[in-house]
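Annotated in Swiss-Prot:
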{"type": "ACT_SITE", "residues": "Glu484", "note": "active site, proton acceptor"}
{"type": "BINDING", "residues": "Asp441, Glu484", "note": "Mg(2+) binding site"}
{"type": "BINDING", "residues": "Asn449, His454, Asp458", "note": "substrate binding site"}
{"type": "DOMAIN", "residues": "433-568", "note": "domain 'GGDEF'"}
{"type": "SITE", "residues": "Lys446", "note": "site 'Transition state stabilizer'"}
{"type": "TRANSMEM", "residues": "25-45", "note": "transmembrane segment"}
{"type": "TRANSMEM", "residues": "365-385", "note": "transmembrane segment"}
Amino acid sequence: MGVVRVQHETKMENQSWLKKLARRLGPGHIVNLCFIVVLLFSTLLTWREVVVLEDAYISSQRNHLENVANALDKHLQYNVDKLIFLRNGMREALVAPLDFTSLRNAVTEFEQHRDEHAWQIELNRRRTLPVNGVSDALVSEGNLLSRENESLDNEITAALEVGYLLRLAHNSSSMVEQAVYVSRAGFYVSTLPTLFTRNVPTRYYGYVTQPWFIGHSQRENRHRAVRWFTSQPEHASNTEPQVTVSVPVDSNNYWYGVLGMSIPVRTMQQFLRNAIDKNLDGEYQLYDSKLRFLTSSNPDHPTGNIFDPRELALLAQAMEHDTRGGIRMDSRYVSWERLDHFDGVLVRVHTLSEGVRGDFGSISIALTLLWALFTSMLLLSWYVIRRMVSNMYVLQSSLQWQAWHDTLTRLYNRGALFEKACPLAKLCHTHQHPFSVIQVDLDHFKAINDRFGHQAGDRVLSHAAGLISSSLRAQDIAGRVGGEEFCVILPGANLTQAAEVAERIRLKLNEKEMLIAKSTTIRISASLGVSSSEETGDYDFEQLQSLADRRLYLAKQAGRNRVFASDNA
């Protein structure tokens, strides 16, 4: 309890210090300080304009980049969603294959041709895609390949079902050039037809040696998540670069194969060009996760990379800490944003010459005129505002003091005391601190008024108020709530501590005689009632005051000039 009291007293002292500081720094000083700050900042006008313009410029660059990145991301997300849909369909077909005669015949046909060097199973060329495969002997030569699974027949029928879905999902408006399912059991289904059966082994081994297939082994892809891979063409090769999104197909902890979709870089380049506002400057570049250049929106530099190794290193360092951002490189501003559904980053490059031709010159002039107008108005109005604020503050302070205080005793009046007490009670309740109330009533005050007059009574009230105030702690609050009644609020004080304060008040009032007329002195006394929230857990100020008032009258009935802190004391 001692620690709680110390903490509470420290908090009260801090609040008192803040109030003193607020009184010392009156509105007049604050107005002067504001104008001084304005004058100081006027010397930094040019710098401030640069900062404002730079923030607006960076926001503009990021917004343009975000629009293009979102458009590209949505298109890529559509392809990823299709891939997940195909995987779910494949899993369902592996667990519960359709019991069609044509599918059973396909399994029989596989058993008949599985030893052949190359084979092809086709149900209906118009509705589904053929399954192309190689022999058992060729499968046994691959480290990742195997036909040793109990659900091989189900996988054959599932591949035919997925072939039907692949044909439906593949369309010319999509960026995807090829969608394929490659099985570890030596066969594949692809939207790109294999015209000659003799080409099946070459094409199959081309698939299973690709990073997008090998990278989905259970060791390489433990989380069995979607992955993106980039393939760069070799020198003297006619193939074009492309990115492949792929996902493993597993069932019952067995890896069956990989579903993949290949997107040529040229289609992504065309998409970037179509997504960009023709009225905007700047070049967009797409990079993979290793910051290898893929494509650009600039038709004049379709395969160029405008960053040297040092700049790429700076860009990579900046990307380590956030998913989006910007960096200034010489006369260029480079903004970047990682894509959600592609393992790569979209970069926007804006040069200084492009920025000069933009709208920021007009913005600079507008900001300058606005600042000049605002400063002129401040300087012209300063004197009038300063005088008005000073006069209003003096008047407000006087009216506020009169509204909150009793002019005779200079203590809080009843309304102000209640306004102060309720928030303090709520604060003590919140922090589980005790909250106590002392009710004070001067004994035989009416007799003093009747015998010595109202002026003497006023002097007694003023004298008693001074003694009560001098008996309190710094955080305590006292107020006059009636004719000769006073109320003291003690936040953080328990019943015992409040009773000690009440006894101190009683002794001070009773031990000093006061002069009320020429050669006439009297000794006054008071009856006091004490209540505390720790008795019943009730922090309602009015209830506590009522309880203290009841105990006050118990003290009067017991003979006056005493303190009652309980109903039995």
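A Cβ is built for glycine as well, from the same backbone N, Cα and C atoms used for every other residue.
Overlay of Swiss-Prot annotations on the structure.
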{"residue": "Asp441", "record": "Mg(2+) binding site", "contacts (Cβ under 8 Å, 6+ apart)": "Glu484, Glu485, Phe486, Ala526, Ser527, Leu528, Leu552, Lys556"}
{"residue": "Lys446", "record": "site 'Transition state stabilizer'", "contacts (Cβ under 8 Å, 6+ apart)": "none"}
{"residue": "Asn449", "record": "substrate binding site", "contacts (Cβ under 8 Å, 6+ apart)": "Ala456, Gly457"}
{"residue": "His454", "record": "substrate binding site", "contacts (Cβ under 8 Å, 6+ apart)": "none"}
{"residue": "Asp458", "record": "substrate binding site", "contacts (Cβ under 8 Å, 6+ apart)": "Leu408"}
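In the three-state DSSP scheme, Glu484 (active site, proton acceptor) is classed as coil.
According to DSSP, Asp441 (Mg(2+) binding site) sits within a strand segment. Each residue in Ile448, Phe452, Gly453, Gln455, Ala456, Gly457, Val460, Leu461 lies on the same chain as Asn449, His454, Asp458 and has a C-beta within 8 Å of the C-beta centroid of that substrate site, without being one of the site residues. Summarised by DSSP class, the composition of the domain 'GGDEF' (433-568) is 63 helix, 37 strand, 36 coil. In this view, Glu484 (active site, proton acceptor) is surrounded by 20 other Cβ atoms within 10 Å of its Cβ, with every protein chain counted.
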